[in-house]
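Record features (TrEMBL):
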DOMAIN    5-153  domain 'Phosphomannose isomerase type I catalytic'
BINDING   Gln109, His111, Glu136, His275  Zn(2+) binding site
DOMAIN    169-256  domain 'Phosphomannose isomerase type I helical insertion'
ACT_SITE  Arg294  active site
DOMAIN    336-376  domain 'Phosphomannose isomerase type I C-terminal'
Amino acid sequence: FPPAVFPLSCVVQNYSWGKVGLESEVAKLVASGDPLVQIQPDQPYAELWMGTHPRGDALIRDNRIPQKTLGRWISDNPACLGAKVKDAFQGQLPFLFKVLSVNTALSVQAHPNKELAAKLHAQFPEHYPDANHKPEMAIALTPFEGMCGFRPVEEIVSFLQNVPELRALIGEVAAEQLERSGSDDPRGVSAALRVCFTRLMKSEKKFFVDQLNVLVKRISQEAAEGKDTSGSNGDLLLRLHSQYPGDIGCFTIYFLNLVRLEPGEAMFLGANEPHAYLHGDCVEIMACSDNTVRAGLTPKFIDVLTLCEMLNYTPAPSSSKIFPAVQSQLDPNVYLYDPPVPDFTIMRIEIPASIKLYLISAMDSASILLVIQGTAVGTSTAAASEMSLHRGSVLFISANESISLHLSSPDGMLLFRACCLL
C-alpha cells in the first residue's frame, strides 16, 4: 500500500498586512518545521496554507509518493477523504486550513452564501472566482482582535451622538430613524441599520475624506490633551487611520463589534457576517472558496453595493461572537469547535506532560494535523516510516487511519486537527 499518512510542506503567503520576520507566528512555525528555511527579517509572513488550494497546494514530504502535491494525491486517491466526505464534496478536500499572523487590519468584508455566490460568480467571474460559500472560523494562538457583526443599537446610537463627523455622513434622517427604532421591532431596527450603514458606505469620497480628517484631527488633539476619547472609539480610529489613511473603512468601527479573543477562543463567521481581522495570530479554517465581498481598509476591488445588500443586519453584543469549544466526551484532551456548517470542524488537542503515549484516533474523514508546541515521534501502520513531530510539523492523515504519538517533550503538546465531521 502507498503511505496514507505523510508530512506536508505548506505554502506561505507574504501579503503586506502580515507580521514581519520572526514576529510572525507563521514564520516561527515554518522556521521550526523546516530548519533549512531562511526567514527574511523585513518580509511579511501573513498566511500558511495547509490544503489543496490551486494557489497554495501543499507539497508532500515523502519521496516514496509519486504525486508531488496533496491536491494531486487526493485526486488520484479520493477514498482517502472518507466515504461520506468524498460523496458530499465531489472528491475534493472540503476545507482550507491556515495560520494567520495579522499586523495591520484586513479589509472589511463578508462572504456570500451559496445562492448569492452562484449569482455573483455567473455575473462577475473575474471578481468572484467560484460558486461556493465561504464560512470561516478563527481560533486565537496569541491575543487576537477583530471586528465582527453589528454592535447593539444603543452602542451605535451613542457613537452617532458623540461623533458629529459620523452623523454628518449618515445624515439626520437616517440617524433619527435608528434612534427611534425600538427593540420590540427587530425588523424595523435591521431596516434602519441597513439604511445608516449603506449611507455611510456610499458617501461621496471627497465628503467622507474631509469628515475623516476633521475627526482624526479632533481625536488627536483630545488625546494629546489627555482627554478620554473612548466615546469616539479614539484609539482604534487613530490606529486604523494610520494604516489606511482616508479609507471609508475607518468609520466601520462605529457599527461593528470589536471582539478580543484569548488563546484558544474562537469566532465563527457565517455567510453575510461583516468582519475584519485587526491584529494577532490565529489558526483559521474555511470552506474552499475565494469569494470575498470587500468594502474598505483595502487597496483591492471593492463592491459596496453587493456588500450593503447582502449583510446580516442583526445587532448583537460582542460577547455573543465568541464561539465555544466543547470538551470531547470520548477524550478529555480534545476540545471540539464544530460550527453550524458541514464543511469543517477543528479539534484542539492538549496533551499534558504526564502522558507519554497518545493516540490520534481514526475518523471517517481526511484530516490535517498541525503541531503548535511539543515534540513526539509518530508511528502509523499507514505511514512509510516513523515521523518526527515538532513545532511547525504538518501531517496529512487519510480517513480511518490513526497515529501513535510517543511524546518526548517535558511540557506536553498542543495540536490542532482540521477535519470534516458529516
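Here, residue 1 is simply the first one shown, and the rest follow in order.
Backbone N, Cα and C define each Cβ position, glycine as well.
Unlike curated entries, TrEMBL annotations are predicted automatically.
As the structure is a computational prediction, the values presented were derived from the model and not from experiment.
Within the chain, the domain 'Phosphomannose isomerase type I C-terminal' (336-376) has long-range Cβ neighbours (under 8 A, six or more residues past its boundaries) at 8, 29, 50-51, 74, 80-85, 88-89, 93-95, 97, 99, 133, 135, 137, 139, 141, 264, 266, 268, 270, 283, 285-288, 323, 325-328, 330, 388-422.
DSSP places the residues of the domain 'Phosphomannose isomerase type I catalytic' (5-153) in helix, strand and coil in these numbers: 40 helix, 43 strand, 66 coil. Sorting each residue of the domain 'Phosphomannose isomerase type I helical insertion' (169-256) by its DSSP state yields 67 helix, 1 strand, 20 coil.
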